[in-house]
Amino acid sequence: MPKNRTGRSREAREKKRKEEEEEIEELNSQIEALSETVDHFAELPLTQPTKSALKNAHFITLTEIQKQCIPSALKGRDILGAAKTGSGKTLAFIVPLIENLYRKKWTSLDGLGALVISPTRELAIQTFETLVKIGRLHSFSAGLIIGGNNYKEEKERLSRMNILVCTPGRLLQHIDQAVNFDTSGLQMLILDEADRILDMGFRTTLDAIVSSLPVHRQTMLFSATQTKSVKDLARLSLQNPDFISVHENDTSSTPSNLNQFYLTVPLTEKLDILFGFIRTHLKFKTIVFLSSCKQVRFVYETFRRMRPGISLLHLHGKQKQTTRTEVTAKFTSSRHVVLFCTDIVARGLDFPAVDWVIQLDAPEDVDTYIHRVGRTARYNRSGNALLLLLPSEEAFLKRLESKKIAVERINVKDGKKTSIRNQLQNLCFKDNDIKYIGQKAFISYLRSIYLQKDKDVFQLDKLPVEAFADSLGLPGTPKITFGKLKNHSQSQKDYNSSTSLDSSEESEVDVENKQNVRTKYDRIFERKNQDVLAAHRQRLVEVNSDEDDGDFLQVKRVDHDLPEETGERFNANSKRKEKMASSKKAMLKYKKSADKVYFDDEGNAIPFYAMNTEDTFQKAGDPAALIASHLAEERKALEKADITDKETVRQKQLEKKRRRQELERITQQDATPDEYVPEGPIVAFVDDELPETSKKQKKWFEDNDERDHGGIVEVENLNSLEDQEALALKLMGAA
């Protein structure tokens, strides 16, 4: 029997293997013959598990980028794809990734087969979720490695992964430190938002990653604003790539169903316009972009305290990864909410049903503008975008026209404007932390303007700095100095490449910082001024500023008119007298008794036990009238106290009655201590000594029947030694 079972199992495995080989051969032949574009996923030469997963996820019709990319990617060609935001680029590389590994018979023993690199953690998480949704019926193992997660757990599971979705910094860390991480068998490399990964912020990181990957592989690059630089393509070793740009000939670089507006507003009225917009759009889902983390936090904290009537969220790169994931999930599931964020949300993230995208601060270039407004009007859904420009930033409109982006000018009626300057001043006055955050937001905004590359648009010298500080509610203008940078051009590149996406992007700077590991004790001893604010806060405002009210406990008077001690100094002739003179207890008999005094409003000392003179007593009135009035006041006080005492006694009696009734009810129900354990005030009425119900546990050889057998021991069978020993123990127990 076992031989036949084994034979059938081997035959079944061989049959299944032949069927898979025949299926793969048929798929390869269909892919080679694929020439016409198809409109539905069911018409593509895909495996049945992939088709079922696509159908269950309600992916039926192909988008333009998917029609052109998927057939070429299935044939193993390198691809450079560009399409508008919200056009389905993620699915355009997820489907070929799964199918190509399946046709190559990739298993867990073959190691890493595909690598997907995303510039931000949130985009990597979203890509991984899509991968799991489409490939859940296949047997591949997939992993997500991003900054903020446990490095040791990732390192242990890394060798078993076939597909990895990652950020550049964490991937390079594993390549340098993980011994079991082998990339020699890599088949596919995919760069999502490739133009962002290829820029200066990830230059050394990407070069280090590519140098450890095999040259012969399939490479695919996707973005809404794609690069065609020969130098960048040579870095990635692309071999005759297919340039696919489905919207290159369109009249606009943004979706046609996106309504785009701009508003010219002074710097001092930006927050007023934003708060008024939120108050009038309570039934919408809105994203507000700002240029720095400090600005995001200041606007969120102040608006949250002013309660505009809608849920507020904030997201920036300085938050922990768990917080960022929770905020992203909450914003995705909410219908009416406002999200204040930096550019970590600008690329690739797919938030459903976003109605408005507001750019409170102008983007650094047109590509950033396209990615920002791409968070709305996705998948043929309508959306709205509003750009707030300063009068000195109107040159940015020419940059938009050069990329075929038309925006409509709107104006705000004076009657609709509401100033929140007084409220911001009140918040900064009451809360020192809000004032500190506002000062940091002020500095970070000016720093971002100073480090921008396009000086025709961003002009720091034309900004009303003092009026801007006043509009934030600050008591004074913080000091800010722009020192001479050693390498100004490099600093601009670093700022535009790394700070625009904050610390969420895993740039090479992050990787270098991770090499210098600090222990928990190092961080504890490095802490300063934990109970108030950071040490550098004092340098934000002029020390002699008359408007600064943040200092608590200031010296008002330096020299006091204190009476000087007169008299000769006591000179002791012996050590005993000197010791006695230094003893307070011994010197008390030489000092007069202390007088208890109190001070009036003018600071005059008045004896506490000063006796009234006869004149003052006569001025108070007739003694009999004083006695009568005093007795009347005391009588009223006693009557009030009597009412309170009666109510207290009444409540105690009611509580005692309630306890007694509760105890009677428990007694009537015949509740045992095992069934009911009284709690609260009832415990006082229950005896502490409760009868024990548990009995001594019987041994294995004792009879479970509690009835008396009268000393009779029943014997059934004594064939074994164990039975005889059991009988002897029973007889001994009966005796």
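The backbone N, Cα and C atoms fix where each Cβ goes, and this holds for glycine too.
Candidates Ser419, Ser497, Ser504, Ser574 were compared with Swiss-Prot; the annotation phosphoserine appears at Ser504. For the residues Ser253, Ser489, Ser503, Swiss-Prot attaches the annotation phosphoserine to Ser503, which does not rule out the feature elsewhere. Per Swiss-Prot, the annotated phosphoserine among residues Ser72, Ser108, Ser333, Ser545 corresponds to Ser545.
Taken together, the residues of the domain 'Helicase ATP-binding' (70-244) have an average pLDDT of 89. Residue counts for the compositional bias 'Basic and acidic residues' (8-19) under DSSP (helix as H, G, I; strand as E, B; rest coil) come to 12 helix, 0 strand, 0 coil. Helix first, then strand, then coil: DSSP counts for the motif 'DEAD box' (192-195) stand at 2 helix, 1 strand, 1 coil.
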